[in-house]
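J.: Please see the structure below; I have some questions.
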Amino acid sequence: MDAIIIQILNGLDKGAAYALIALGLTLVFGTLGVVNFAHGALFMLGAFCAVSFNALLTWPIQPPKAEGQLFAPKAIPFMEHQFGELGAAIVNWSVPLSILIAIPVMLAIGLIMERGLIRHFYKRPHADQILVTFGMAIVVQEIVKKIFGANPIPQSAPDIFNGTANIAAWLGMTDAFIVYPWWRLIYFVFAAAVIGAVFAFLNFTTYGMVVRAGMRDRETVGLLGIDIEKRFTVVFGIAAVVAGLAGVMYTPILPPDYHIGMDFLVLSFVVVVVGGMGSLSGAVLAGFLLGILQSFASMNEVKSIFPGIDQIIIYLIAVIILLTMPRGLMGRAGVMED
Amino acid sequence: MFANLSRNDWLLFLGFSLVVLISPWTLTPFGAGYPALLQKFCIFGIFALGFNILFGLTGYLSFGHAAFLGVGSYAAVWSFKLFTMNVVPSVIFGIAAAGLFAVVIGFISLRRSGIYFSILTLAFAQMSYNLAYSVLTPITNGETGLQLTLNDPRIIDNAFAAPGAGLPQTNLFGIDMSGYPGFYFCAGALIICFFLTMRIFRSPFGMMLRAIKSNQNRMRYTGFNTKPYLLTAFVISGMYAGLAGSLMAATDPLAGAERMQWTASGEVVLMTILGGVGTLVGPVLGAGVIKYFENIFSSFNEGTLHATFAFLPDGLETVAVKLAGLFVGDGWHLTLGVIFMLIVIFLPGGIMEGIARLAKLAGVKRKSSRAELSAGSAQPAE
């Protein structure tokens, strides 16, 4: 029993990341009808928002050399130099705090991307959209590589979350031993909150209602005198923010490097297709499902029966689902049908 | 067999063969006249030609074609290890293995079209890549890559002559496959492939594939079963990739899993788009251009840049070197990404469309090439 719970928990954080990226992909696809291969790059940019925020906060300040000292004293981070204890605390909390930076930055990047490039590709075939966004993903990735270098840059979670949570005690299981890192738990809760917020925005606000109407029938909504294109642009911005936040919070779990986006993108596309093209809840469900299945597949017991299954499980599931359920788990009729 | 080719086709074929065969001389002034690079041109040309048969004619965008290249490489190296260092069997094995693999993957993937097909092929290619790295290590030698070793059985070779000291060279009935002989072997393969592709383009089979691209439903309504045609195109295209893979192994006998990664599949898509989807010469041209600039741009460094911009005043020179430095050396991929975006945005027909436009501007009437272009403009199968 506890082994099963541990595997489910292990799958949650990765699954949460898949779900967040897949949610954004589906939003963009459902509204603008664009297959965005640059979505992984947005995830990566979010992660590097956290990296650069931290780098700014810890900009080294060289204290002046005192009389009689042989060596220059150790450089201290900018924030600590300016604000002492408080500054050190801010540096410690830099990853969650960089959310505040990431939201406007990612929104701006999303809006620029949509207005500058994607807008011109609404009417072009899907293959062209895939290709141009693929090209853009390469460009963004290479620029980040130029600026931050090719090596992963580790980020640390606030000290307070460094330990592990004793899940077994929470569940009232006395004889079991289940611990789980705090930060991963927080990532899951955070992802759930973001997903909840997106769904609430779409389902309980008038703005979201119009967007949903536009997803169903863009032309009719346009005929009613609503500037649906503008709203779709905003949705693209929101999708960019969601991907960016997923990236920001993921940095303490996996040190970001320039190709982290591509690594996640391929899997997220598989997630979207498994969930069903155009279905938001399908994307979220499939994200968690595949994350958890992947973690089960990497159990030693499973690996000894099917060697290598952990490497291919996601793709295998995708193949099976696509062949047996042509619309994915929860796909709507009429979206990307043959 | 030669019935469907017009006089223009023959001229195109002869011209193409001539250009390929004399390329060691013509490309020398551009710094590309050495066999290692010329071999790459040919090999990737074949890969792109094959990819174009699938994507250009039927509109099915496969994102997993590198898997066939990898399978071809592995099969070829195994042929070197087990049987003989002669390249002919290895090429045959490579093509056959890739073809068989393509039958299986194509049979499953072609049940869906559009983006689902892309994802399915991508999924299969990633599975092969991951498996080649992990469980299949006895066959693929995992991360190190499959290499020749001194105690390989090499049954056929060893039956005729005692094994010499050191690792043997790949050969074609005694001719070493390094340097220019290797290039001419690849060039011969490229020319044969080009001829076959031209035949396919001009045949009723090619017409059928184009019809599938323009409207598959209508094809079905008229009573055609499109599946066998698609599968044939997929397998042919996979065999081209297998040939390219085995040629890679023939010129340099090792095979690694990274050849199957999805970025490698992306590369062949780039080549085909850059050259011109659905055109005959375009993919080869695209492969050549990408491999050429990859080679040139990667070899640039700060020193060569300073030399290039030496004519500028000092301040300007520094700026120019800094700017250009972003795009050369390690930054080659950035250049590739930018070029690729520009092509997709402004010139969806690739280089061939550019040439056609220029020709139109110059007032030259080239009906044949324009007709070919209009037939090949990019459209996905949906």
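Residue positions begin at 1 at the first shown residue.
Glycine too: its Cβ is placed from the backbone N, Cα and C atoms.
Keep in mind that this is a model prediction, so the values were computed, not measured.
Below are the features I grabbed from TrEMBL:
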- A:16-35: transmembrane segment (TRANSMEM)
- A:42-61: transmembrane segment (TRANSMEM)
- A:93-113: transmembrane segment (TRANSMEM)
- A:160-180: transmembrane segment (TRANSMEM)
- A:186-211: transmembrane segment (TRANSMEM)
- A:232-253: transmembrane segment (TRANSMEM)
- A:265-293: transmembrane segment (TRANSMEM)
- A:305-325: transmembrane segment (TRANSMEM)
J.: Which stretch, A:186-211, A:232-253, A:265-293, tops the Cβ pairs under 8 Å count with the transmembrane segment (A:16-35)?
T.: A:265-293
J.: Cβ pairs under 8 Å only, please: of the recorded stretches A:186-211, A:265-293, A:305-325, which one is richest in them relative to the transmembrane segment (A:232-253)?
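T.: So the stretch in question is A:186-211.
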J.: What parts of the chain pack near the transmembrane segment (A:42-61), using Cβ distances under 8 Å and only residues at least 6 beyond its ends?
T.: 17, 21, 24, 75-79, 81, 87, 90-91, 94-95, 97-98, 101-102, 105-106, 109-110, 140-141, 144, 148, 153, 155, 239-240, 243-248, 250-251, 256, 258-262, 264-265
J.: Any residues 6+ beyond the ends of the transmembrane segment (A:160-180) with a Cβ under 8 Å from its own?
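T.: Answer is 1-2, 5-6, 9, 186.
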